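Enquirer: Annotated domain 'Acyltransferase 3' per TrEMBL: 10-315, in sequence order. Per TrEMBL, transmembrane segment is recorded for 34-56, 85-102, 134-155, 162-182, 194-215, 222-244, 264-282, 294-317, 329-347. Residues or ranges marked as compositional bias 'Polar residues' in TrEMBL: 375-386. What TrEMBL records for 395-405 is compositional bias 'Low complexity'.
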Amino acid sequence: MLSSPVAKILFLDGVRGAAVVFVVTQHSGYMHDIYMGAVGVDAFFVLSSFLLTMIFMKKSIKLIAEPASYRKWGWTLADYFSKRFFRVYPLFALVAITLWLLPFEYKKRYYLVKQPEDFNLFQTLTFHPEHRHYLMWTLPLEISHYFILPAFVLVVLKMRRFWWVSFIPLYVWVIHEGLYTTRNNYYRQPLSKHLSTFLAGSMAAVIFVELEAWIKSTGFKFGTLHVIGLRVVEAVLIAAYLSVVFRGLFFNWLGLPLQPAKHYIMPFTSVKLSLLFVIEMIQPSTVSSIFEWIVLRFLGKISFSVYLLHVFVIFTPPIKEETNYYDKTFEVFGLVFLLATVSYYLVEYPSQLLAQRLSRTFNRLASYSHEKVSENANSSTSLSQLNEGNETESESSSTKSSVEE
């Protein structure tokens, strides 16, 4: 049985919450040798591409089935981009403007700006490659991917039942990139360095949507052997994921230790994580129940505020210089939680409400354009039927008059 839509949202929100905890942990100075922050950012990328691809693909399938006019497609895309814009950009812009207003000392302390002339507000707001300070490097990559995603979905749908053929070389490329491409100088990295990560999430979403549709159309039921098989695959994926994240575990236990990393890198976790999403969405287990914990879900909801604002807590001198491990842990996570909650309800939530209002407007315009096209089509059909009727009548009259003659 497939999990309900609500359960899916709860589970994925929890994953987002865990990912942001990884990022805060890394920047707080804990577990520096295993790159938890990089793992968390990769999880954000995979989760974002997975969710957006799934939502846009289901919407596109409905529009193709109608079939929808080009105008309705246009309003649908406008809705898609407006939601993405208002979800992330307002808080990003507010943080950039706040940094611009602060003295250079604070720019350097919180966002590691090296020189006063290095911070240009306009170039920061427009994602210039040389002005992606510290945590700001991720948003330009995500927004760039937003423009690629609709094209990817439409190409997949155009291939119809042969969609899986293209996934074979794509997965080969993603795995090759993950194993042999080093992602370390992330401040200036283009989207191409992380495209394989986004693509892994998008392909997993397509697999889920196609499997879900196949299960519904065929009435397939998971038997005991099917569930056991899924759990074995899931256990292997979890073991591999944790071993890569912690740079040991099964690698050490099987006598295949990893070489110590000489510099900060982003581990290859995207394929394993995205396939775990598919398994848990199709056949939920205790794993998804763990991530449905209300604390992780709430952290997932405020995760973007946590991500952009946690540096204002951890780099404040009294907290950064705190020597007591437990005091520092509670101070960091408690204050970050409070700051992000305030930010969410003052900035993010109102922005999302505005996006919802715009979405209703776009949907109304899309429905209106669809109804108008339908009316035009119906009137054209009626006109042609009327013309055919007139032609038939005239033919009958001609036949009758010729017979009389």
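Every residue gets a Cβ built from N, Cα and C, even glycine.
Each of these features: where is it, how hidden is it, and who are its neighbours?
Expert: When Cβ-Cβ distances below 8 Å are used as the criterion, the transmembrane segment (34-56) is approached by residues 12, 15-16, 18-23, 25-27, 80, 84, 138, 141-142, 145-146, 149-150, 152-153, 183, 194, 197-202, 204-206, 208-209, 245-247, 261, 264-267, 269-270, 273-274, 277, 303, 307 of the same chain, each at least six residues removed from its ends.
Panel annotation: around the transmembrane segment (222-244), residues 1, 250-251, 267-269, 272-273, 275-276, 279-280, 282-283, 285, 287 of the same chain, lying at least six beyond its termini, place a Cβ under 8 Å from a Cβ of the stretch.
Outside the transmembrane segment (264-282), and at least 6 residues removed from its termini, the chain residues within Cβ reach (under 8 Å) are 2-3, 8, 11-12, 15, 35, 38-39, 41-43, 45-47, 50, 171, 174-175, 178-179, 182-184, 186, 196-197, 200-201, 203-204, 207-208, 211-212, 215, 230, 233-234, 237-238, 240-241, 244-245, 247, 288.
Outside the transmembrane segment (329-347), and at least 6 residues removed from its termini, the chain residues within Cβ reach (under 8 Å) are 24, 28, 90-91, 94, 299, 301-302, 305-306, 309-310, 312-314, 319, 322.
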Enquirer: Can you give me the average pLDDT across the domain 'Acyltransferase 3' (10-315), rounded to a whole number?
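Expert: Across the residues of the domain 'Acyltransferase 3' (10-315) the model's pLDDT averages 91 on the 0 to 100 scale.
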Enquirer: Who are the chain neighbours of the transmembrane segment (294-317) in space, where the CB to CB distance is under 8 Å and they lie at least 6 residues beyond its ends?
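Expert: Here the qualifying positions are 10, 12-21, 23-24, 27-29, 44, 87-88, 91-92, 95, 109-111, 134-135, 138, 331-332, 335-337, 339-341, 343-344, 347-348.
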Enquirer: Relative to the transmembrane segment (162-182), which of 85-102, 134-155, 194-215 accounts for the most Cβ pairs at distances under 8 Å?
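Expert: Maximum Cβ contact count belongs to 194-215.
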Enquirer: Six or more residues out from either end of the transmembrane segment (194-215), which same-chain residues have a Cβ under 8 Å from its Cβ atoms?
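Expert: The answer is 2, 42, 45-54, 57-58, 61, 141, 145, 148-149, 152-153, 156, 163-164, 167, 170-171, 173-174, 177-178, 181, 183, 270-271, 273-275, 277-278, 281-282.
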